[in-house]
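Can you keep this structure in mind? I'll have questions shortly.
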Amino acid sequence: MFQSQRLCGWIMNMNTDHETSDSGGSDEGDRRAELSTPAVGRLSLYYRELHRLLAAGESSTNSRDLGAMVNVSPAVVRRDLSSIGSIGRRGVGYDVAILAERIGAVLGSGVQWKAVLIGVGSLGNALLRYRGFERLGFSLAAAFDTDPAKYGHEVGGTTVRSLDDLEEVLATAKPELAILAVPSEQASQVATRVLAGGIQGILNFAPTTLRVPPGTAIINVDLASELQQLAFRIQNR
């Protein structure tokens with residue numbers, strides 16, 4: 001959950017950069033600037049659960065039930081939602097459709113993002129098959145690997161290409177984001193290439209901390225380190 005909150009905060013900040021200069025966009029930008037990264041992460045979780053409620057035909061919910069879905073208290077839910085200008089009605093709660101639309105507007109869910117994935121190993125395969133990206137407005141423009149045996153194969157609807165094609169695809173598809181699922185010894189070189197090709201943000205799953213130019217949007221996700229932190233929390237709860 002902690003990494004997902006960091007990721008959502010990073011995405012929201014990039015969405016703010018994409019905001020238009022009309023008055024409505026300015027209001028949303030002001031609200032985004034006031035939200036903490038943990039609050040943004042929780043809003044994204046509420047958004048996910050609200051869409052599940054909509055799919056199930058539910059029309060209303062309340063802070064107690066919504067909090068139980070994402071493991072936070074009703075008071076935290078009410079505080080988060082009041083911070084984006086959404087106030088529930090006592091005894092009635094929140095209209096699911098209206099609340100989902102409100103949170104989506106704040107998170108910038110209407111912005112469409114294109115990403116490329118480099119490294120189609122076990123983790124890369126799982127990421128390519130994950131359908132949750134599309135719900136939040138992300139599409140995978142291409143996937144790359146250095147193994148010729150994988151070239152031309154389709155994984156989750158995306159065709160795997162040679163890493164030699166990277167610059168060509170970056171120039172034509174113009175994706176904004178890159179997901180790195182490569183070995184640590186390859187990560188720095190790949191990061192340099194994608195940034196030179198116009199990528200604005202990197203989600204790095206390689207077990208190394210990348211050094212990138214100032215102002216570059218990057219999140220380093222080390223799954224082993226996350227497990228260490230989880231073990232620490234269990235030992236010290």
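Keep in mind that glycine also has a Cβ here, set from the backbone N, Cα and C atoms.
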Looking at 5-44, 45-84, 125-164, which stretch does Swiss-Prot describe as DNA-binding region?
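In Swiss-Prot, the DNA-binding region feature sits at 45-84.
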Would you count the other CB atoms within 10 A of the CB of VAL120 (NAD(+) binding site), including those on all shown protein chains?
24
Measure the Cβ-based neighbour count of GLY121 (NAD(+) binding site), defined as the other Cβ atoms within 10 Å of its Cβ.
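The Cβ of GLY121 (NAD(+) binding site) has 13 Cβ neighbours within 10 Å.
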